[in-house]
């Protein structure tokens, strides 16, 4: 079997004195969609944000254990965290385009990483927007502000922005929770297409969504990984009674 | 019955607020009219061109000259110089406080800045006179350190708190979602500040510059104490006189045409501030409309 792209091994995480993650071990393989589910405060978002070290921005955070990205320790002090984030892109819960034009939003990442050539940038922008299924809707108004787009379009723009730096992994933190059902369906369809090229880890509070889009699902509860299995298995034949209670809606 | 009573109270309250609002506008109106009516006669007698563009001010000589070009240019250069010094420092300070400083240090520094903002201008003048002026004199080997440069430095320090405070508010108000998105794309903190936070806050930063400009143009007390107060054409290392200090230094004993000319200077100062404010707020509107389209 091939090596996992991302591998957590005995990961503990504290916010100050509060331990938010307890010894999480989880392997994520290339070009799969992994959903992280569980009730609010269960640690699924915290775990997601550890994978590209966005938790570094929190002052009091402390981590023990390992996370390997392509067999490299992501907490290794000689690793450039900005390079890591270039490989592992992220889409947030609330669409957060920059207050700039659509074009500049997409070109932001490539420019940061040193691409200045206008022709190359044009190509990257077009490709990223096509990959995010947004090109047809915006190709004639690339110079317009990104804030003029609808919420669903803004979120696809954020996906396109993340794709423009050609990451290998895409982390999504409840990307549809602020969107209407039609926009949600579009994003889910998009995730299905993206998995041919990218590895996707998605946090969702919506179990139907996990069932629709995820190859594998991990159930978190109070900072522990309770169960991790193929999505069908986890929902239809949960091994742990707590998983069974949660997926059957007995708490949440 | 109760609703009718409430309506009456509402009605009365709205009249009261209308009256209060009117008082403010009335003040502006009265001052404007007064300045125009008392400032125009001297300009008519001296001639607008002579008044604005001749470079000799000798109001008490046997053949009095009323050219305020030295004052206009001094006010212009002095304000520009103060802005050149205070804006980069102030914005840099605001960026540091907003994005880099540890919270405890931020609180400390902010307190210092509040104190600086609360110091009366006469104290700035006094410290400038006792500390800065002698220092400038020995530094540049001048016979007198009271000069345009000293005034610029004192003005810069005086407007620094306004620039820092308003820029800081603007930078603090940038949604952290923007910054997170940039960091998640692999940008460093510095790149994020430069390319996301700063542009997102630029209308507020521009507002801080407007505020600083207004304060610098209008300042008289501190400036009169460190600039030497001689009606020379502006020179970095010579004594100079500003529009504001030209009025305050002669008003107590002026009479006749001289007194009328001082009112004309006030009118010019008034127009000056009106113009800068209008231009800068136009600029700000443009920036804001660029942000939202």
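Placed from the backbone N, Cα and C atoms, the Cβ positions cover glycine too.
The domain 'ABC transmembrane type-1' annotation in TrEMBL covers B:72-280.
Within its own chain, the transmembrane segment (B:12-36) is flanked in space by residues 263, 266-267, 270, which lie at least six positions past its ends and keep a Cβ under 8 Å from the stretch. What TrEMBL records for B:12-36 (among others) is transmembrane segment.
Per TrEMBL, the feature transmembrane segment maps to B:68-97 (among others).
According to TrEMBL, the feature transmembrane segment maps to B:109-136 (among others).
The transmembrane segment annotation in TrEMBL covers B:148-168 (among others).
Residues or ranges marked as transmembrane segment in TrEMBL: B:204-226 (among others).
A Cβ distance under 8 Å defines the sequence-distant neighbours of the transmembrane segment (B:261-280), meaning residues of its chain 6+ beyond its ends; these are 32, 35-36, 38-40, 42-43, 46, 51-52, 59, 66, 68, 71-72, 75, 206, 209-210, 213-214, 217-218, 243-244, 246-247, 250-251, 254. Annotated transmembrane segment per TrEMBL: B:261-280 (among others), in sequence order.
Long-range contacts of the transmembrane segment (B:109-136) within its own chain (CB-CB distance under 8 A, at least 6 residues past either end) are made by residues 93, 97, 101, 142, 144-147, 149-150, 153-154, 157-158, 160-162, 164-165, 168, 219, 221-226.
Sequence-remote contacts of a segment are chain residues at least 6 beyond its ends whose Cβ falls under 8 Å from one of its Cβ atoms, and for the transmembrane segment (B:148-168) they are 74, 77-79, 81-83, 85-87, 89-91, 93-95, 97-98, 110, 113-114, 116-117, 121, 124-125, 128, 132-133, 136, 140, 201, 204-205, 207-209, 211-213, 215-216, 219, 222-223, 226-227, 234-238, 240, 242.
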